[in-house]
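Colleague: OK, Swiss-Prot features for this one:
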type    : residues                     : note
REGION  : 21-233                       : region 'Beta-lactamase-like'
BINDING : His64, His66, His154         : Zn(2+) 2 binding site
BINDING : Asp68, His69, Asp178, His233 : Zn(2+) 1 binding site
Amino acid sequence: MLDTTKLTMVGTGSAFSKKFYNNSALVTFTNGYKLLIDCGHSVPKGLHDLGFPLESLDGILITHTHADHIGGLEEVALYNKFVLGGRKIDLLVPEPLVEPLWNDSLNGGLRYDDSRELELDDYFTVRSLKTSDCGAARTQIDENIAFTLYTTLHVSHMKSYAVGLIDRGEEKVFYSSDTVFDEYLLDYALTMFPWVFHDCQLFTGGVHASLDELLGYTRYIPEKQQNKIFLMHYGDNVEEFIGKTGRMRFAEQGREIIL
């Protein structure tokens, strides 16, 4: 049993970044369970470069079905099946996304086999996570680990979720994944969690919270709460904005944070 929960940002980049890997985090819980949050197309390379082989993963949690969050799943599935001898890891998926993840995204490359057509659970141990359109829904995974999913607005008509990570009964981190600016969700996250990792686009308009919106929000909250916010999912021009984020900080790719 480890003393602390740890989070390493595997990638911090936006969907079109060429300097950073797709936004993704590797969480190591106190029982040793290693969870990858989202697996975009460049994330397997990011894991490799950080010294985390695919065989070190125990599970992957998916927050929504954009390619920069699921594009690396096919590689993981095929590697586990053909290189690691059919090893299955957990695939933790919000319940409304289980069917679209397979039917609309993954089956084109994973369905076919010499003997029969395959399904998602031929590659992963699929674990459905509870959701609620009215707020939060919690799923207990084992005696140590639980996840709370929060419905977010990212793209119209697309289901997307933020996730709260709980280890040994303690709220550890709120991870927004992708969402437009949502003052009420931020209020809740900063009240309930010691750390908040929030997506941040460096221009105004679009499908993510902008830096200007987040700066406007933090002007009205205590500095102690501002210090809890790490910004992620940013563009390649991020260096132009270093020192211009108030008390908030840009999450650094590859950096391990003790939660």
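In case you wondered, yes, glycine gets a Cβ from its N, Cα and C as well.
Each of the listed features needs to be described in terms of its position in the shown structure.
Modeller: Under DSSP, His64 (Zn(2+) 2 binding site) is assigned to coil, being neither helix nor strand in the three-state scheme.
Under the three-state DSSP scheme, Asp178 (Zn(2+) 1 binding site) falls in the coil class. For Asp178 (Zn(2+) 1 binding site), the Cβ neighbour count at a 10 Å cut-off comes to 27, with all displayed protein chains included.
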Colleague: Using DSSP, would you call His69 (Zn(2+) 1 binding site) helix, strand or coil?
Modeller: helix
Colleague: Which whole-number mean pLDDT does the model give the region 'Beta-lactamase-like' (21-233)?
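Modeller: Result for the region 'Beta-lactamase-like' (21-233): average pLDDT 95.
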Colleague: May I ask for the distance between Asp68 (Zn(2+) 1 binding site) and His154 (Zn(2+) 2 binding site), taken between their Cα atoms and rounded to an integer number of Å?
Modeller: 14
Colleague: Across all the protein chains here, work out how many other Cβ atoms are within 10 Å of the Cβ of His64 (Zn(2+) 2 binding site).
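Modeller: Result for His64 (Zn(2+) 2 binding site): 22 other Cβ atoms within 10 Å.
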Colleague: Quick check for the class: what is the C-alpha distance, in angstrom and rounded, between His69 (Zn(2+) 1 binding site) and His154 (Zn(2+) 2 binding site)?
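Modeller: Spelling it out, the Cα of His69 (Zn(2+) 1 binding site) and the Cα of His154 (Zn(2+) 2 binding site) are 13 Å apart.
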Colleague: What is the one among the binding-site residues His69, His233 whose Cβ has the most other Cβ atoms less than or equal to 10 Å away?
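Modeller: Going through His69, His233 one by one, the largest Cβ count within 10 Å is at His233.
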